[in-house]
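Each remark here refers to the structure printed beneath this line.
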Amino acid sequence: MQQSRRKQYGDLLLMSSLIFGMFFGAGNLIFPVQLGQMAGSNWFIATLGFLVTGTVVPYLAMLAVSMTNSESVYDIAKPVAPWFGMALLFLIHMTIGPFFGTPRTAATGFTMGIAPFLPEQWQTLGMVAFSFVFFALAFVLSITDSRVTAWIGRYLTPVLILLLVIILAVAAFNPMGNLQQPVSEMYQSHTFMQGFLDGYNTMDGIALVALAVSVVYAVRGLGYRGAAVSKTLAKAGLFSIILEAIIYTALIVLGVSSLAIMNPAENGGISLMAIINHYFGTFGSVLTGVLVILAVFTTAVGLFSSFAHDMHLIFPQFSYNTWLVVSAVGSFATANAGLTNIIAWSVPVLMFIYPFVLALIVLSLTKRFFGGAPIVYQLTMLFVTPSACLDALAAAPFASTPVLKPLFDAYHQFVPFASDGLGWVVPGLVGAGLGLALAYFNSSKNEPA
């Protein structure tokens with residue numbers, strides 16, 4: 001009995017470490033610091049919003065995958081229509097994979113971990129060489145699921161956590177300033193919602209819909225079956241998001257206090273580098289490089305594995321290893337476009353994808369209350385789509401042009417929550433309500449008299 005309980009605790013620790021390592025990457029380091037510098041003294045309310053999309057949504061995404069016995073994102077979205085499930089799977093994996101997420105890991109690792117040590121004339125060649133080695137190693141570690149579990153869960157993640165603890169502990173005992181700091185314009189009103197939307201940038205919500213599949217397989221590999229898989233995943237996921245929330249909050253506070261001695265930086269990566277250099281000097285640059293490269297590398301390995309698994313499931317004519325090659329080559333090409341371009345163009349895409357993912361998570365977790373009726377899924381997605389498109393376009397760089405600005409101004413004025421980037425919420429609720437009414441009507445009509 002004692003040995004069995006010890007095994008359960010060991011498995012929970014391993015799985016918690018695996019989950020944490022899979023989604024604690026580039027954005028999880030740089031965006032909280034940036035939020036802290038922008039939110040200033042309004043940091044607490046902003047943090048609550050950020051934690052909803054940064055921790056709660058990923059946790060619910062894992063539960064949705066596990067509780068519905070889904071093999072992929074396709075299974076979660078299939079009740080809408082098979083083509084919709086395939087399209088969403090492809091779009092999510094391309095977003096967190098070769099388009100934005102995976103390239104951002106290498107670009108951030110290079111920007112913060114390698115670039116400071118290279119002269120200007122070597123930056124371009126250095127990025128090419130670094131990203132090639134980075135993605136080649138990620139490819140090797142992703143060839144088998146067992147290697148992913150062993151390397152991420154047992155080796156890389158504990159080192160990452162240790163480095164973070166050292167940095168945050170030093171900052172806690174020697175803060176740069178108090179938490180009463182200037183608030184940027186975007187956080188002076190709608191503070192919670194701005195933090196909520198900033199959580200999109202980590203990509204954790206959509207990533208965990210995909211990455212949870214690999215975690216479920218890892219749990220099964222430990223010998224768990226049936227309901228025990230969901231129960232183990234729920235416990236391990238809870239431990240990992242609590243740790244995640246603590247680190248997020250500490251990084252946000254770090255960003256706020258840094259305003260006492262520095263101005264807000266262009267992005268969170270620059271801010272974090274400056275903060276660590278403040279505490280550790282030249283050694284801080286090395287420590288930052290190790291920390292960031294470990295963080296982004298663990299994420300890249302998880303994204304590679306999940307991308308290849310789901311693509312092979314839908315397109316079995318191509319092997320798992322073939323899809324790994326596609327992910328590696330595509331990510332390598334995109335990463336060399338530069339971190340600034342990757343981040344800028346990911347925002348409108350995330351504003352488009354997140355409404356569908358959030359709605360599907362809620363429907364998956366509540367499907368037992370309406371029998372999983374397809375009409376509920378279909379009408380919810382139908383009503384969400386127009387606002388998701390407008391929210392995405394409103395976040396694009398060209399949204400402020402004279403031709404489009406009047407359209408978005410009217411949209412933000414007349415649609416509830418649209419000015420907060422959540423114009424899809426009320427239409428989605430209306431669609432779900434109509435779907436529930438039709439499902440109830442159809443079931444009543446089919447009942448024998």
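The chain as shown is numbered from 1 upward.
Quick reminder: no glycine exception, Cβ is built from N, Cα and C everywhere.
TrEMBL has this to say about the protein:
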- 12-31: transmembrane segment (TRANSMEM)
- 43-68: transmembrane segment (TRANSMEM)
- 80-101: transmembrane segment (TRANSMEM)
- 121-143: transmembrane segment (TRANSMEM)
- 155-173: transmembrane segment (TRANSMEM)
- 205-224: transmembrane segment (TRANSMEM)
- 236-262: transmembrane segment (TRANSMEM)
- 282-306: transmembrane segment (TRANSMEM)
- 318-336: transmembrane segment (TRANSMEM)
- 342-363: transmembrane segment (TRANSMEM)
- 375-401: transmembrane segment (TRANSMEM)
- 421-441: transmembrane segment (TRANSMEM)
Same-chain residue ranges lying at least 6 outside the transmembrane segment (121-143) that approach it to Cβ under 8 Å: 102, 105-107, 109-110, 114-115, 151, 293, 297, 300-301, 304-305, 308, 321, 324-325, 328, 331-332, 335-336
Cβ-based contact of the transmembrane segment (282-306) with the transmembrane segment (236-262), 3 or more pairs under 8 Å: no
Contact call for the transmembrane segment (80-101) against the transmembrane segment (421-441), three or more Cβ pairs under 8 Å: no
Distal contacts, the transmembrane segment (205-224) - CB-CB under 8 A, six or more residues away: 11, 14-15, 18-19, 22-23, 53, 57-59, 61-62, 64-66, 70-73, 76, 92-93, 95-96, 101, 145-146, 148-149, 199, 232-233, 236, 302-303, 305-307, 309-310, 350, 353-354, 357-358, 360-361
Range from 43-68, 342-363, 375-401 with most C-beta pairs under 8 A to the transmembrane segment (421-441): 375-401
